[in-house]
Structures are given as structure tokens and as C-alpha cells.
Amino acid sequence: MCYKRMRILAAIICLVGVLAGCGDKQPVPVALPTTEAVQSASPQVTAAQATAAPSEVQAAPTPSPSPTAAPTPVATPETEPTPTKKAAPTTLPSVPKSNKLVMIDPGHQKVGNNAPEQVGPDTRETKAKVSSGTVGVKTKKPEYVLNLEVSLLLKAELTKRGIHVTMTRETHDVDISNKQRADMANEAGAALVVRIHADGDASASTKGFSVLYPSAAQPAVKPIAADSKQAAGFLLTGLQQATGQKGRGLSARDDLSGFNWSKVPVALVEIGFMTNPEEDELMSEAAYQQKLAMGIADGIEQFVNGK
Ligand SMILES: [Zn+2]
């Protein structure tokens, strides 16, 4: 009995010993589990990689939408005033296309000056130095107020475009004759003078903008006649495109002191009729004033950059 047990024990010990000893000699079984482990690990790793990969991809797209979102707000602001300001500085450095000075002359002033003034160097005829202009039939707004409103918008627009601007007046309480305004531009060496006025007529139905330029019939203005007419054409086109209206066209004038004394190209924009009720009100609307300023600025920019 004991012998059998001992044999069984010995057999077990031997088995254990064989098994233990076989570890080194039987790499196969060891290798098998290893292979299995690798195989099973591989899919796991692959799965892990796959899992990781998508997460990275997801992470990548996440930042992508962010940049995409960034440009979106940039584009959105373009329509807003704030982004426009951001765009302005970017435009400014690239726009100093011209150092040429543009003078804006907002027509008239609060109190007219009826003292006589020679209409031009080629005539002894005289006219009042400067009047206070017409008045809105509906708005009751004086022309000198409307002229300055639009002129200031124009100045802002030109400045935004990098065009050097100066003005004959920025307040109503001044006393500057039409000849003196021309002298100011002559002395400043302006590349172009744009005079801003509003019209009046006996007929309430008369309406529409027009652009005046000095008539070459006046010997004194011959040197500036062609350039002035070209500028007037650009201004008219700019106004037409900005407002969608045809307007009343161009008009050569030899009776305006502000033209005849000018030694630099000059044009006068009559933005519309204050004696027409509808146009009178329209010209006081902020959106329409901005259109006028944009159209006039387009014309000025074309003239100044074309030189
Ligand atoms: Zn006027």
C-alpha cells in the first residue's frame, strides 16, 4: 500500500519535475501562449489604436471647427461697424496710393455775407460773397446744415480709404466767401476740390442730383477745365451707382465764383432738391446720406488714383 502511494507520489513528483524542467525545453507551449497573447494583444492594440485614432481625428476636427468658427466671426463683423474698423487699419497702409490732398467744401454757412465779390478774374461782375443757401421745404433744414452732414460723412469715408482730406469748414459759424474757399484749395495745392451743395427750384417736382464743373469758356479756368470735367464725370457715375438713380447729369458753369477763382480741379455736387418734399426728406435719412458719401468717395478715389 505504502509502496504504491510512494510510487504514485514519485510519479507525481516526477511529473511536476518534468513539467517544471520542460519549461526550458519546451518553448513551443511557452511560445504558443505568447503567440496567442500577441494575437489577442494585437487586436486589442489595434482596437486601442483605432479608438485612439478616431479620438485624435475627432480632436483635430474639433480645432478645425474652431478656426472655421474664427473666420466666420471675422466675416460677420465686416457688415458690422466694429469689424469694419478692424479692416480699416489693414486697408490704410496699402492705400496710401496717393498723398494728394482732397478738399471738401460744404457749401454756405449759417449767416450769409452779402458783400460783393468779383465772380472771377475774367469778369468785373460781382456776386454776394456767400449765402446761407436754400431750406428744406419739408424738413425745414437749412442747406448749410445738410451740406455739412454729408460732407462729414464723405470726409470719414475718404479718410477710411487712406485719402488725405481737408475741409473749408467743419462748423456753421464761419465767414468764408466762395472766392476765399477757392483760395484755400489753391494754397493747399489740392488735387481736387469737391463742393457739396443741395439744390432749390421754383417747381416742387424738380428733383435729382447733378454735378457741376467749370466751363472752359472762362479763360482763367482753362488749365483745370479738362480735369475738372473728368472728375465731375467720375462723381456722377459714383452717385449713380451708389443710389441707383440716374440723376440730372453734368452741367458746365461759368457763373460760380468758387469755380472761376480755382487753380485746381474742382467740381460741385448738387445732391438733390430741398424744394422737392420727398427728396428733401430722403436727403436727411442717414442711409441715403451714406450712399451719397460712398458714391462721391468712389468718384474722388477714381480721379485721385487715376492721376
Ligand atoms: Zn448751395
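Including glycine, each Cβ sits where the backbone N, Cα and C put it.
Copied over from TrEMBL:
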{"type": "SIGNAL", "residues": "1-20", "note": "signal peptide"}
{"type": "REGION", "residues": "43-134", "note": "region 'Disordered'"}
{"type": "COMPBIAS", "residues": "43-61", "note": "compositional bias 'Low complexity'"}
{"type": "COMPBIAS", "residues": "71-91", "note": "compositional bias 'Low complexity'"}
{"type": "DOMAIN", "residues": "182-301", "note": "domain 'MurNAc-LAA'"}
For this session: Could you put numbers on the helix, strand and coil content of the domain 'MurNAc-LAA' (182-301), residue by residue per DSSP?
Result: 58 helix, 25 strand, 37 coil
Exercise. If you average pLDDT over the domain 'MurNAc-LAA' (182-301), what do you get?
Worked result: 97
